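Noted in TrEMBL for the protein shown:
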- 3-247: domain 'CN hydrolase' (DOMAIN)
- Glu43: active site, proton acceptor (ACT_SITE)
- Lys115: active site, for glutaminase activity (ACT_SITE)
- Tyr121, Ser177, Lys183: L-glutamine binding site (BINDING)
- Cys151: active site, nucleophile (ACT_SITE)
- Gly291, Leu292, Ser293, Gly294, Gly295, Ile296, Asp297, Ser298, Thr398: ATP binding site (BINDING)
- Asn374, Glu403, Lys519: deamido-NAD(+) binding site (BINDING)
Amino acid sequence: MTLSICTAQLNFVVGDLPGNAQKIIVAARAAHAAGARLLLTPELALCGYSAEDLLLRPAFLAACEAAVQTVARETADLTGLVIVLGHPQRVAGARLCHNAASVLRHGVVECSYAKQALPNYHVFDEQRYFTPGQAPCVFEVEGLRIGLLVCEDAWQAGPAQQAAQAGAQLLAVINASPFHADKPAQREAVLRQRVQETGLPVVYAHMVGGQDELVFDGHSFALGADGAVAARAPGFEESLMSVQVTAQAGALALRGDVQPLAGAPEQLWRALVLGVRDYVGKNGFPGVLLGLSGGIDSALVLAIAVDALGASKVRTVMMPSPYTADISWIDARDMAERLHVAYEEIAIAPQFEAFKAALAADFAGRAEDTTEENLQARIRGTLLMALSNKFGSVVLTTGNKSEMATGYCTLYGDMAGGFAVIKDLVKTQVFALANWRNANDPFGTGVNPIPERIITRPPSAELRPDQKDQDSLPPYDVLDAIVERYMENDESVNDIVAAGFDPADVERVTRLIQINEHKRRQAPIGVRLTRRSFGKDWRYPITNKFRA
Ligand SMILES: Nc1ncnc2c1ncn2[C@@H]1O[C@H](COP(=O)(O)OP(=O)(O)OC[C@H]2O[C@@H]([n+]3cccc(C(=O)O)c3)[C@H](O)[C@@H]2O)[C@@H](O)[C@H]1O
Ligand SMILES: Nc1ncnc2c1ncn2[C@@H]1O[C@H](COP(=O)(O)OP(=O)(O)OP(=O)(O)O)[C@@H](O)[C@H]1O
Ligand SMILES: NC(=O)CC[C@H](N)C(=O)O
């Protein structure tokens, strides 16, 4: 006996029930034509992940149920094909629904499994939306007994063992497992534990695509009963992965194409590109625009944007002030030429002088300080937002995680915009990725998009004469290490000092992180790349007297 299983690694749009249903129907037809007998869609494929508070709206749940019937009806003619469909399912008499996986055969819902383990940590809020199931679900395809699990179920031992005890011979897991660095390898390691505990092979179906701050990276896979990878789909793109399951001498053998996992920088790059492409595309923007300063942050964001959208959808604006160095102009122009993007210059000195004149009486007798620096950043923000309003393109902001952590950014200035592309990359990673991208060309837009001097010159906000970031902040390698320890690993000030950092640096950086929560609440969202980003997985009070 050989059974062909297909995983529908597809890019769904949250809330687009007709579009998602159609995608699943098209995939089912393709899988059937290729001989598959089981099609696994990802977790909540029908409504997208995560639909958040849409899941609390009765009209949304009713529309999801109607879409389940559409998929069933439109695939009823695919004789011999069983479809596992991820969708929210209303529960009679309850306020919350199930996170369900339904088995569709011959146009009807044969049975449904309700996810038992509802994650409520990091970016997940599933206990706000779902009521858990209690029972396993095992169904047969061509004589093979398949046990269903939904994502977090497989991160614990219980549900897989329950399915095994209910007679499953193979575990089918449907997932929405957001990307962060090293997550693809981590998933395979977690699922390998389930294989070792139960002795059952696994087919893991995952989604792909960007949804607000989350990126789903694909990389669907299958593990044999020995725990070895038997099939792996590519990352960051749609793919119908096929797994052949053969019964041999009482055991099941799994076979398929095994795509390699890319290295860490390439995964980050592809996540950033997919995050930008889907945010822009799914929200219907004609393109993007950004302020190009001749510095490293805007350079990296520009390179990501061009890989994501193509040069024709990217517009750059250099807005020099009296403090802008000549090399900033030269490098900004050079980069725009290398990438063939629209480039223009709008000087901000006249507006700066006009603002200062308007405030002159109020400010009489006071020295210039960050007030005047922020005015320049706000003039740039105003110009970019005016261009956005007139032409419809969304403004990409360029702040990195080190800056978002320490508040080294101006409210309504360089923070003004719609999508903060690199907000989860610390500055040292910004440099590392810039070097990586100069040496690699994953999307065929050319190597060396970033002029070398942009990478090698000391970072400066250029908001006053001879300003350097390191005048106000500790060196970036120190700053980033403290940010990662405090923010991503929950280490205390004492822990970090005990690890060998200068107490004054630790005190300063952690204090900046604490007092700048108000800025982060007003910042645009951006792609999540780490185990903890300044987004859904960082929920701190603004008004807060606790310090440690
Ligand atoms: N708890 C709270 N809740 C609500 N609002 C609060 C607040 N605390 C302060 N504020 C408000 O925030 C204001 C201060 O914030 P803001 O106006 O942004 O200004 P501020 O943080 O004082 O200055 C901006 C800093 O970012 C640096 N910067 C700017 C631009 C680009 C770059 C770069 O290199 O990328 C660096 C600049 O050198 C300066 O150190 C206060 O005047 C107050 O109105
Ligand atoms: N002269 C400029 N022309 C256009 N945009 C600018 C200019 N200066 C700053 N910006 C915008 O404001 C953002 C913050 O700039 P700033 O130079 O203050 O800090 P940065 O974090 O070092 O960024 P970068 O490395 O891109 O310069 C820039 O990334 C850019 O988008
Ligand atoms: N949707 C889920 O249940 C995801 C939870 C899981 N631990 C993951 O990130 O892969």
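Residue positions begin at 1 at the first shown residue.
Positions of Cβ are set from backbone N, Cα and C atoms, glycine also.
Checking the recorded positions Lys115, Ser177, Gly291, Gly295, Asn374, Glu403 for a CB within less than 6 Å of any atom of ligand 1 leaves Asn374, Glu403, listed in sequence order. Comparing Asn374 (deamido-NAD(+) binding site) with Glu43 (active site, proton acceptor), their Cα atoms are 45 Å apart once rounded. Across Asn374, Glu403, Lys519, which the record gives as binding deamido-NAD(+), the greatest C-alpha separation is 15 Å. Among the recorded positions listed here, namely Glu43, Lys115, Gly291, Gly295, Asp297, Asp297 has its C-alpha nearest to that of Glu403 (deamido-NAD(+) binding site). Per Cα geometry, Ser177 is the residue among the recorded positions Glu43, Lys115, Ser177 nearest to Thr398 (ATP binding site). The 6 Å Cβ screen around ligand 3 retains Cys151, Ser177 from the recorded positions Cys151, Ser177, Gly291, Ser293, Asn374, ordered by sequence position.
Recorded residues Cys151 (active site, nucleophile) and Gly291 (ATP binding site) have their alpha carbons 40 Å apart, per Cα-Cα distance. Rounded to a whole value, the Cα-Cα separation of Gly295 (ATP binding site) and Ser177 (L-glutamine binding site) is 34 Å. Ranking the recorded positions Glu43, Lys115, Gly291, Asp297 by the distance of their Cα atoms from the Cα of Ser177 (L-glutamine binding site) places Glu43 first. Spacing of Tyr121 (L-glutamine binding site) relative to Ser293 (ATP binding site) is 38 Å (Cα to Cα, whole number). Nearest neighbour of the residue listed as 'active site, proton acceptor' by Cα distance, taken over the recorded positions Lys115, Gly291, Lys519: Lys115. Nearest by CA distance to Lys115 (active site, for glutaminase activity), out of the binding-site residues Gly291, Ser293, Asp297, is Asp297.
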